[in-house]
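S.K.: Structure incoming, see below.
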Amino acid sequence: MTALDRRYDTQIHRRVTRTVMVGSVPIGSEHPIAVQSMINEDTLDIDGSVAGIIRLVDAGCEIVRVTTPSIGHAKAMGKIKAELSAKGCNVPLVADVHHNGTKIALEVAQHVDKVRINPGLFVFDKPDPNRQEFTESEFAEIGTRIRETFEPLVKLLREQNKALRIGVNHGSLAERMLFTYGDTPKGMVESAMEFVRICDDLDFHNIVISMKASRAPVMLSAYRLMADTMDQEGFNYPLHLGVTEAGDGDYGRIKSTAGIATLLAEGLGDTIRVSLTEAPEKEIPVCYSILQSLGLRKTMVEYIACPSCGRTLFNLEDVLHKVRNATSHLKGLDIAVMGCIVNGPGEMADADYGYVGKGPGIIALYRGREEIRKVPEKEGVQALIQLIQEDGLWVDPDETR
(Lines of atoms letter the chains of each structure in order from A and count residues from 1; the text may use other names and numbers.)
(Lines give C-alpha, C1' and ligand atoms only; values in the text may rest on other atoms or scores of the structure.)
Protein backbone atom coordinates (compact mmCIF):
# COMPACT_ATOMS: atom_id res chain seq x y z
CA MET A 1 0.00 0.00 0.00
CA THR A 2 1.38 3.40 -1.00
CA ALA A 3 1.48 6.38 1.34
CA LEU A 4 -1.32 7.97 -0.68
CA ASP A 5 -3.47 4.84 -0.46
CA ARG A 6 -2.88 4.69 3.28
CA ARG A 7 -3.94 8.31 3.65
CA TYR A 8 -7.39 7.52 2.28
CA ASP A 9 -7.78 4.08 3.85
CA THR A 10 -10.68 3.71 6.28
CA GLN A 11 -8.67 1.27 8.40
CA ILE A 12 -5.99 2.38 10.84
CA HIS A 13 -2.68 0.64 10.19
CA ARG A 14 -0.63 0.63 13.37
CA ARG A 15 3.12 1.20 13.26
CA VAL A 16 4.76 -2.19 13.71
CA THR A 17 6.52 -2.51 17.07
CA ARG A 18 8.04 -5.18 19.22
CA THR A 19 6.03 -6.47 22.20
CA VAL A 20 7.03 -5.29 25.66
CA MET A 21 5.51 -7.10 28.63
CA VAL A 22 4.53 -4.97 31.61
CA GLY A 23 3.65 -7.63 34.13
CA SER A 24 0.90 -9.62 32.43
CA VAL A 25 -0.05 -6.83 30.00
CA PRO A 26 1.55 -6.83 26.54
CA ILE A 27 2.27 -3.47 24.91
CA GLY A 28 2.88 -3.36 21.18
CA SER A 29 1.27 -3.30 17.77
CA GLU A 30 0.08 -6.92 17.91
CA HIS A 31 -1.98 -6.25 21.03
CA PRO A 32 -4.91 -4.05 22.09
CA ILE A 33 -3.87 -0.53 23.03
CA ALA A 34 -3.49 -0.59 26.82
CA VAL A 35 -5.15 1.96 29.11
CA GLN A 36 -3.24 3.33 32.07
CA SER A 37 -3.35 6.01 34.73
CA MET A 38 -1.59 7.17 37.90
CA ILE A 39 -2.82 7.39 41.48
CA ASN A 40 -2.53 10.70 43.34
CA GLU A 41 -2.13 9.32 46.87
CA ASP A 42 1.13 9.63 48.82
CA THR A 43 2.97 6.35 48.24
CA LEU A 44 3.85 6.23 51.94
CA ASP A 45 0.12 5.94 52.64
CA ILE A 46 -0.04 2.22 51.95
CA ASP A 47 -3.77 1.77 52.57
CA GLY A 48 -4.67 4.89 50.61
CA SER A 49 -2.47 3.88 47.68
CA VAL A 50 -3.91 0.38 47.59
CA ALA A 51 -7.45 1.78 47.64
CA GLY A 52 -6.61 4.24 44.86
CA ILE A 53 -5.12 1.50 42.69
CA ILE A 54 -8.15 -0.74 43.18
CA ARG A 55 -10.49 2.12 42.24
CA LEU A 56 -8.57 2.53 39.00
CA VAL A 57 -8.65 -1.19 38.26
CA ASP A 58 -12.39 -1.30 38.94
CA ALA A 59 -12.79 1.53 36.42
CA GLY A 60 -10.94 -0.50 33.77
CA CYS A 61 -7.34 0.68 34.17
CA GLU A 62 -4.85 -1.93 32.96
CA ILE A 63 -1.53 -0.46 34.19
CA VAL A 64 -1.10 1.83 37.21
CA ARG A 65 1.76 4.25 37.83
CA VAL A 66 2.86 5.35 41.31
CA THR A 67 5.27 8.13 42.25
CA THR A 68 8.51 7.17 44.02
CA PRO A 69 10.44 10.34 44.93
CA SER A 70 12.61 8.73 47.64
CA ILE A 71 14.06 5.44 48.84
CA GLY A 72 11.32 5.30 51.47
CA HIS A 73 8.66 5.59 48.79
CA ALA A 74 10.45 2.93 46.73
CA LYS A 75 10.41 0.50 49.65
CA ALA A 76 6.74 1.27 50.26
CA MET A 77 6.02 -0.08 46.79
CA GLY A 78 6.88 -3.55 48.04
CA LYS A 79 4.21 -3.27 50.73
CA ILE A 80 1.69 -1.90 48.25
CA LYS A 81 2.37 -4.79 45.86
CA ALA A 82 1.95 -7.32 48.67
CA GLU A 83 -1.32 -5.75 49.87
CA LEU A 84 -2.71 -5.76 46.35
CA SER A 85 -1.73 -9.38 45.85
CA ALA A 86 -3.44 -10.33 49.12
CA LYS A 87 -6.62 -8.72 47.80
CA GLY A 88 -6.38 -10.62 44.51
CA CYS A 89 -5.34 -7.57 42.50
CA ASN A 90 -2.37 -8.23 40.22
CA VAL A 91 -2.47 -5.12 38.05
CA PRO A 92 0.98 -4.20 36.70
CA LEU A 93 2.62 -1.36 38.64
CA VAL A 94 4.96 1.30 37.26
CA ALA A 95 7.29 3.33 39.47
CA ASP A 96 7.74 6.98 38.50
CA VAL A 97 11.35 8.10 39.10
CA HIS A 98 12.71 11.59 38.43
CA HIS A 99 15.57 13.65 39.96
CA ASN A 100 18.90 11.82 40.28
CA GLY A 101 16.93 8.62 40.64
CA THR A 102 19.44 5.80 40.24
CA LYS A 103 19.34 4.53 43.83
CA ILE A 104 15.57 4.93 43.96
CA ALA A 105 15.14 3.10 40.67
CA LEU A 106 17.41 0.23 41.73
CA GLU A 107 15.38 -0.23 44.91
CA VAL A 108 11.92 0.09 43.38
CA ALA A 109 12.75 -2.20 40.44
CA GLN A 110 12.57 -5.07 42.93
CA HIS A 111 8.89 -4.37 43.57
CA VAL A 112 7.29 -3.22 40.31
CA ASP A 113 6.78 -4.35 36.73
CA LYS A 114 8.14 -1.25 35.00
CA VAL A 115 10.25 1.76 35.92
CA ARG A 116 9.64 5.14 34.31
CA ILE A 117 12.54 7.56 34.14
CA ASN A 118 12.66 11.14 32.89
CA PRO A 119 15.82 11.64 30.77
CA GLY A 120 15.92 15.34 31.58
CA LEU A 121 16.10 14.70 35.31
CA PHE A 122 17.67 11.27 35.78
CA VAL A 123 21.14 12.84 35.99
CA PHE A 124 20.25 16.33 37.13
CA ASP A 125 22.54 19.35 37.40
CA LYS A 126 21.06 22.63 38.51
CA PRO A 127 21.05 25.02 35.53
CA ASP A 128 23.79 27.65 35.56
CA PRO A 129 22.24 31.08 34.90
CA ASN A 130 25.60 32.39 33.68
CA ARG A 131 26.24 29.66 31.13
CA GLN A 132 26.42 30.82 27.51
CA GLU A 133 27.02 27.52 25.74
CA PHE A 134 27.82 23.82 26.03
CA THR A 135 31.02 22.74 24.33
CA GLU A 136 31.18 19.37 22.60
CA SER A 137 33.46 18.06 25.33
CA GLU A 138 31.10 19.24 28.08
CA PHE A 139 28.15 17.65 26.29
CA ALA A 140 30.05 14.37 25.91
CA GLU A 141 31.25 14.41 29.54
CA ILE A 142 27.68 14.55 30.80
CA GLY A 143 26.76 11.80 28.34
CA THR A 144 29.45 9.59 29.87
CA ARG A 145 28.12 10.32 33.35
CA ILE A 146 24.59 9.48 32.22
CA ARG A 147 25.74 6.11 30.90
CA GLU A 148 27.62 5.30 34.10
CA THR A 149 24.58 6.23 36.18
CA PHE A 150 21.99 4.56 33.96
CA GLU A 151 23.81 1.32 33.20
CA PRO A 152 23.20 -0.41 36.59
CA LEU A 153 19.44 0.09 36.23
CA VAL A 154 19.41 -1.24 32.67
CA LYS A 155 21.35 -4.35 33.70
CA LEU A 156 19.03 -4.98 36.65
CA LEU A 157 15.89 -4.63 34.54
CA ARG A 158 17.42 -6.91 31.91
CA GLU A 159 18.22 -9.56 34.51
CA GLN A 160 14.71 -9.37 35.97
CA ASN A 161 13.04 -9.19 32.54
CA LYS A 162 11.18 -6.05 33.55
CA ALA A 163 10.27 -3.01 31.49
CA LEU A 164 11.45 0.59 31.26
CA ARG A 165 9.65 3.68 30.07
CA ILE A 166 11.87 6.44 28.77
CA GLY A 167 9.46 9.27 29.47
CA VAL A 168 10.46 12.65 28.07
CA ASN A 169 8.58 15.76 29.22
CA HIS A 170 8.80 18.91 27.12
CA GLY A 171 8.95 21.04 30.26
CA SER A 172 11.93 19.28 31.82
CA LEU A 173 14.57 18.92 29.14
CA ALA A 174 18.14 18.90 30.42
CA GLU A 175 20.07 22.16 30.14
CA ARG A 176 22.56 20.70 27.65
CA MET A 177 19.71 19.58 25.38
CA LEU A 178 18.13 23.04 25.53
CA PHE A 179 21.42 24.71 24.60
CA THR A 180 22.09 22.26 21.79
CA TYR A 181 18.65 21.74 20.24
CA GLY A 182 16.49 24.41 21.79
CA ASP A 183 13.11 23.96 23.42
CA THR A 184 11.97 21.84 20.49
CA PRO A 185 10.63 18.40 19.55
CA LYS A 186 14.12 17.67 18.21
CA GLY A 187 15.51 18.23 21.70
CA MET A 188 12.88 15.90 23.13
CA VAL A 189 13.73 13.18 20.64
CA GLU A 190 17.48 13.45 21.16
CA SER A 191 16.93 13.34 24.92
CA ALA A 192 15.12 10.01 24.54
CA MET A 193 17.45 8.59 21.91
CA GLU A 194 20.49 9.06 24.13
CA PHE A 195 18.94 6.60 26.59
CA VAL A 196 17.61 4.31 23.85
CA ARG A 197 21.09 3.92 22.38
CA ILE A 198 22.55 3.03 25.78
CA CYS A 199 19.88 0.36 26.23
CA ASP A 200 20.62 -1.02 22.79
CA ASP A 201 24.35 -1.16 23.53
CA LEU A 202 23.51 -3.19 26.65
CA ASP A 203 21.16 -5.51 24.74
CA PHE A 204 18.09 -4.37 26.68
CA HIS A 205 14.94 -3.92 24.63
CA ASN A 206 11.98 -3.96 27.03
CA ILE A 207 11.44 -0.27 26.36
CA VAL A 208 8.39 1.95 25.95
CA ILE A 209 8.83 5.61 24.99
CA SER A 210 6.75 8.71 25.65
CA MET A 211 7.18 12.30 24.42
CA LYS A 212 4.68 14.31 26.43
CA ALA A 213 3.98 18.03 26.24
CA SER A 214 1.22 20.27 27.54
CA ARG A 215 0.55 21.69 24.05
CA ALA A 216 -0.89 19.24 21.54
CA PRO A 217 1.05 20.57 18.50
CA VAL A 218 4.38 20.08 20.29
CA MET A 219 3.37 16.62 21.43
CA LEU A 220 2.25 15.64 17.94
CA SER A 221 5.50 16.80 16.36
CA ALA A 222 7.64 15.07 19.00
CA TYR A 223 5.95 11.68 18.64
CA ARG A 224 6.06 11.79 14.85
CA LEU A 225 9.74 12.70 14.89
CA MET A 226 10.45 10.03 17.51
CA ALA A 227 8.79 7.35 15.38
CA ASP A 228 10.67 8.48 12.27
CA THR A 229 13.99 8.60 14.12
CA MET A 230 13.50 5.10 15.51
CA ASP A 231 12.60 3.81 12.06
CA GLN A 232 15.75 5.37 10.61
CA GLU A 233 17.94 3.80 13.29
CA GLY A 234 16.24 0.39 13.21
CA PHE A 235 14.36 0.57 16.51
CA ASN A 236 10.74 -0.53 16.88
CA TYR A 237 9.82 0.29 20.46
CA PRO A 238 6.19 0.92 21.45
CA LEU A 239 4.91 4.42 22.19
CA HIS A 240 3.01 5.58 25.27
CA LEU A 241 0.78 8.52 24.29
CA GLY A 242 -0.39 11.41 26.43
CA VAL A 243 -0.83 15.17 26.66
CA THR A 244 0.55 16.18 30.03
CA GLU A 245 -1.14 18.79 32.23
CA ALA A 246 -4.28 18.82 30.09
CA GLY A 247 -6.42 20.32 32.85
CA ASP A 248 -9.96 19.32 33.75
CA GLY A 249 -13.53 19.26 32.51
CA ASP A 250 -14.51 19.30 28.87
CA TYR A 251 -11.43 21.21 27.76
CA GLY A 252 -9.03 18.77 29.41
CA ARG A 253 -10.76 15.90 27.66
CA ILE A 254 -10.83 17.68 24.31
CA LYS A 255 -7.18 18.69 24.58
CA SER A 256 -6.11 15.14 25.39
CA THR A 257 -8.24 13.74 22.58
CA ALA A 258 -6.80 16.24 20.08
CA GLY A 259 -3.31 14.90 20.74
CA ILE A 260 -3.90 11.23 21.45
CA ALA A 261 -6.56 10.52 18.81
CA THR A 262 -4.63 12.31 16.07
CA LEU A 263 -1.60 10.08 16.58
CA LEU A 264 -3.66 6.92 16.99
CA ALA A 265 -5.37 7.68 13.67
CA GLU A 266 -1.89 7.84 12.10
CA GLY A 267 -1.06 4.41 13.52
CA LEU A 268 1.17 5.68 16.33
CA GLY A 269 0.65 4.62 19.92
CA ASP A 270 0.42 1.37 21.86
CA THR A 271 -0.70 2.52 25.30
CA ILE A 272 -2.43 5.74 26.39
CA ARG A 273 -3.10 7.89 29.40
CA VAL A 274 -5.47 10.85 29.57
CA SER A 275 -4.08 13.20 32.25
CA LEU A 276 -6.85 15.13 34.03
CA THR A 277 -6.85 17.36 37.09
CA GLU A 278 -9.63 15.20 38.50
CA ALA A 279 -9.98 11.88 40.32
CA PRO A 280 -7.75 9.47 38.36
CA GLU A 281 -10.56 7.00 37.73
CA LYS A 282 -12.34 9.67 35.66
CA GLU A 283 -9.54 9.39 33.10
CA ILE A 284 -10.38 5.81 32.20
CA PRO A 285 -13.73 6.26 30.39
CA VAL A 286 -12.12 8.97 28.25
CA CYS A 287 -9.38 6.56 27.19
CA TYR A 288 -11.85 3.87 26.20
CA SER A 289 -14.05 6.39 24.38
CA ILE A 290 -11.08 7.59 22.31
CA LEU A 291 -10.15 4.02 21.41
CA GLN A 292 -13.71 3.05 20.52
CA SER A 293 -14.31 6.18 18.46
CA LEU A 294 -11.38 5.14 16.24
CA GLY A 295 -12.41 1.50 16.07
CA LEU A 296 -9.29 0.39 17.94
CA ARG A 297 -11.07 -1.23 20.90
CA LYS A 298 -14.75 -1.92 21.45
CA THR A 299 -15.69 -1.99 25.11
CA MET A 300 -19.15 -0.40 25.16
CA VAL A 301 -22.26 0.10 23.08
CA GLU A 302 -21.71 2.38 20.08
CA TYR A 303 -24.61 4.82 19.83
CA ILE A 304 -25.28 6.48 16.49
CA ALA A 305 -27.67 9.43 16.75
CA CYS A 306 -28.48 12.39 14.54
CA PRO A 307 -28.23 15.93 15.95
CA SER A 308 -31.99 16.51 15.49
CA CYS A 309 -33.68 19.02 13.20
CA GLY A 310 -37.14 20.23 12.26
CA ARG A 311 -37.96 16.86 10.68
CA THR A 312 -37.44 14.97 13.94
CA LEU A 313 -40.61 13.15 14.94
CA PHE A 314 -39.89 12.72 18.67
CA ASN A 315 -37.75 14.24 21.42
CA LEU A 316 -34.48 12.73 20.26
CA GLU A 317 -32.45 13.69 23.30
CA ASP A 318 -34.93 12.12 25.72
CA VAL A 319 -35.30 8.95 23.65
CA LEU A 320 -31.53 8.52 23.26
CA HIS A 321 -31.20 8.87 27.02
CA LYS A 322 -33.85 6.16 27.57
CA VAL A 323 -32.28 3.83 25.02
CA ARG A 324 -28.84 4.33 26.56
CA ASN A 325 -30.12 3.66 30.08
CA ALA A 326 -31.75 0.43 28.91
CA THR A 327 -28.91 -0.93 26.77
CA SER A 328 -25.55 0.55 27.83
CA HIS A 329 -24.49 -2.73 29.47
CA LEU A 330 -24.66 -4.63 26.15
CA LYS A 331 -21.02 -4.35 25.17
CA GLY A 332 -20.21 -4.73 21.51
CA LEU A 333 -23.49 -3.65 19.94
CA ASP A 334 -24.10 -0.68 17.62
CA ILE A 335 -27.49 0.97 18.20
CA ALA A 336 -28.77 3.88 16.11
CA VAL A 337 -31.43 6.37 17.22
CA MET A 338 -32.54 8.52 14.29
CA GLY A 339 -35.21 11.20 14.23
CA CYS A 340 -36.79 10.60 10.82
CA ILE A 341 -36.72 8.42 7.71
CA VAL A 342 -35.01 10.98 5.45
CA ASN A 343 -31.47 10.12 6.50
CA GLY A 344 -32.09 7.61 9.26
CA PRO A 345 -32.07 4.26 7.41
CA GLY A 346 -29.00 5.13 5.34
CA GLU A 347 -26.89 6.70 8.07
CA MET A 348 -27.57 3.86 10.50
CA ALA A 349 -27.01 1.09 7.97
CA ASP A 350 -23.93 -0.24 9.74
CA ALA A 351 -25.70 -0.45 13.11
CA ASP A 352 -26.90 -3.72 14.59
CA TYR A 353 -30.22 -2.16 15.59
CA GLY A 354 -32.05 1.01 14.66
CA TYR A 355 -34.77 3.10 16.30
CA VAL A 356 -36.18 5.51 13.69
CA GLY A 357 -39.03 8.00 13.68
CA LYS A 358 -41.51 6.75 11.06
CA GLY A 359 -44.41 9.13 11.58
CA PRO A 360 -46.09 11.11 14.35
CA GLY A 361 -46.12 8.86 17.42
CA ILE A 362 -44.72 5.90 15.46
CA ILE A 363 -41.20 4.49 15.37
CA ALA A 364 -39.70 1.74 13.23
CA LEU A 365 -37.26 -0.82 14.58
CA TYR A 366 -34.50 -2.10 12.34
CA ARG A 367 -32.14 -5.04 12.41
CA GLY A 368 -29.30 -3.81 10.29
CA ARG A 369 -30.86 -2.47 7.09
CA GLU A 370 -34.09 -4.43 7.50
CA GLU A 371 -37.18 -2.83 9.00
CA ILE A 372 -38.63 -5.36 11.44
CA ARG A 373 -41.70 -3.70 12.90
CA LYS A 374 -43.46 -0.44 13.66
CA VAL A 375 -44.63 0.30 17.19
CA PRO A 376 -46.12 3.24 19.07
CA GLU A 377 -43.42 5.58 20.35
CA LYS A 378 -44.32 4.94 23.99
CA GLU A 379 -43.54 1.23 23.45
CA GLY A 380 -40.37 1.83 21.46
CA VAL A 381 -37.66 1.17 24.05
CA GLN A 382 -39.31 -1.99 25.36
CA ALA A 383 -39.86 -3.20 21.81
CA LEU A 384 -36.16 -2.64 21.06
CA ILE A 385 -35.24 -4.71 24.11
CA GLN A 386 -37.61 -7.44 22.94
CA LEU A 387 -35.99 -7.48 19.48
CA ILE A 388 -32.53 -7.85 21.00
CA GLN A 389 -33.88 -10.65 23.20
CA GLU A 390 -35.34 -12.43 20.18
CA ASP A 391 -31.88 -12.41 18.60
CA GLY A 392 -30.32 -13.94 21.71
CA LEU A 393 -28.09 -10.93 22.34
CA TRP A 394 -29.74 -9.63 25.48
CA VAL A 395 -28.21 -10.11 28.92
CA ASP A 396 -29.60 -8.68 32.12
CA PRO A 397 -27.58 -5.79 33.58
CA ASP A 398 -26.66 -7.73 36.73
CA GLU A 399 -25.00 -10.45 34.64
CA THR A 400 -22.49 -8.00 33.14
CA ARG A 401 -21.11 -6.75 36.44
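Start at 1 and count along the chain as shown; that gives each residue its number.
Placement of Cβ uses the backbone N, Cα and C atoms for every residue, glycine included.
As annotated in Swiss-Prot:
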- Cys306, Cys309, Cys340, Glu347: [4Fe-4S] cluster binding site (BINDING)
S.K.: Counting across all protein chains present, how many other Cβ atoms fall within 10 Å of the Cβ of Cys309 ([4Fe-4S] cluster binding site)?
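M.R.: Excluding its own Cβ, Cys309 ([4Fe-4S] cluster binding site) sees 11 Cβ atoms within 10 Å.
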S.K.: Which state, by DSSP, holds Cys309 ([4Fe-4S] cluster binding site): helix, strand or coil?
M.R.: coil
S.K.: Please determine which of the binding-site residues listed here (Cys306, Cys340, Glu347) has the lowest count of neighbouring CB atoms within 10 Å.
M.R.: Glu347
